[in-house]
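**Student:** Got a structure here, written out as structure tokens. Questions coming.
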């Protein structure tokens, strides 16, 4: 149908992007400190919980995608998943930041009567279940873009609105959680052996934050379910060339441009994830400014979001690959400062957060911007399209790697001598956090830059690919998923040619059948 999509329906769709970003942001910044400081779990247990949750999340995404495709109801394929998973997701999110045991005072420290093993199993189970339920929202929601309208212009509009609401969600998450939690955190240099705020008060702070997040989550899902419609006949449900997991791995990782793009994204993501998961502890136990955590994070995120137009200008002027390299290059001095910044340097750390936001903005924008170029090149070379497969593995391996990075950083904390419940940690913990925030991420970014150097699609080649794709006439063949025509077999031949004869130009006007 060509009936224009009303603005209010576009807004109702965009609102559905907020819950995923809100919950992921809170988990990314606050879950590990909650498990260490409130649930009183040792870092080794926290490492297993974080790795298992991320690994399970990586596995459930493609599984939920298969289930969504097989769903057929009077409400459509995607919308039922969004509304019916929401109550269960909200319940598990609440219990993720809830401690069902009461603390008791033992030798001047608050401890739980339950065994640490029981608490570990409780949070491991809850976190994995929540990650699975979050996939039940995110996978159908992102797929819904193609089903609510057939107009490319409207799809671009709702995607832009969705990004705006997701950005708002990121800031809202830090603000909400920080509003309740920041007053309960210690600076890290108090003479008291433990946090002067009782565990009971800290528990209440996290519960109150969870209640607000859960309400927002549910309202957004209800708004998207009732405010959108899946239009019939938009998505062409033809027989696709389905690939198994291992055959899919072989297909995507034998295409070199995709391999280099994925590795660049992979190493950069691991570096950022290590820093993100440890910034709260770094602020508390290394620079002794734990009570300023929320403000530090807000400055970083605001700078990251508002610097996106700057990176867009750099992309237009210098190309994607160069802008990508500049952004990652800025990360290196930002990470290096973490090794040398002295304690009680609040003003200086705000300046560092500004530069961190400027560089990390690249991670929001560029990885997903280079992937379509790779997919177009694959189409021209291999005469097939497997876009969903490339996207799913792009996400899968990065989630898995993020889990490994988060787990490794917690294990390092255990070896650094971290003691649960203590506000003033041993000096070795502060040193360990410096080591986590600097050498590892710097090395990872350098590796990412090398992978980007090996990535073959520079700006000239990108324009050449775009021009050649646009020069082909495209028609749909419902019985095939094959691109027929005279195409080059190697991406090297897609470098721009200096001259081309008119007869050669005519041979390029080849008809593509999909």
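In case you wondered, yes, glycine gets a Cβ from its N, Cα and C as well.
Unlike curated records, TrEMBL annotations are generated automatically.
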**Student:** Choose the correct range: of 205-226, 227-248, 469-490, which one does TrEMBL annotate as transmembrane segment? Give that range.
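**Tutor:** Range annotated as transmembrane segment by TrEMBL: 205-226.
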**Student:** Under TrEMBL, the annotation transmembrane segment belongs to which of these stretches: 120-139, 140-159?
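**Tutor:** TrEMBL lists transmembrane segment for residues 120-139.
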**Student:** Would the transmembrane segment (323-341) and the transmembrane segment (20-41) count as touching if the test is at least 3 Cβ pairs under 8 Å, pairs 6 or more apart?
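**Tutor:** No, the transmembrane segment (323-341) does not contact the transmembrane segment (20-41).
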**Student:** If we skip the immediate neighbours and take only residues 6+ beyond the ends of the transmembrane segment (120-139), which ones have a Cβ under 8 Å from one of its Cβ atoms?
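**Tutor:** That would be 16, 19-20, 23-24, 31, 35, 39, 41, 45, 48-50, 52-54, 56-57, 60-61, 63-65, 68, 81-82, 85-86, 88-89, 92-93, 95-96, 100, 221.
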**Student:** Taking the transmembrane segment (296-316) as reference, which of 20-41, 81-100, 160-180, 389-413, 433-455 has the most Cβ pairs under 8 angstroms?
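**Tutor:** Most contacts with the transmembrane segment (296-316): 160-180.
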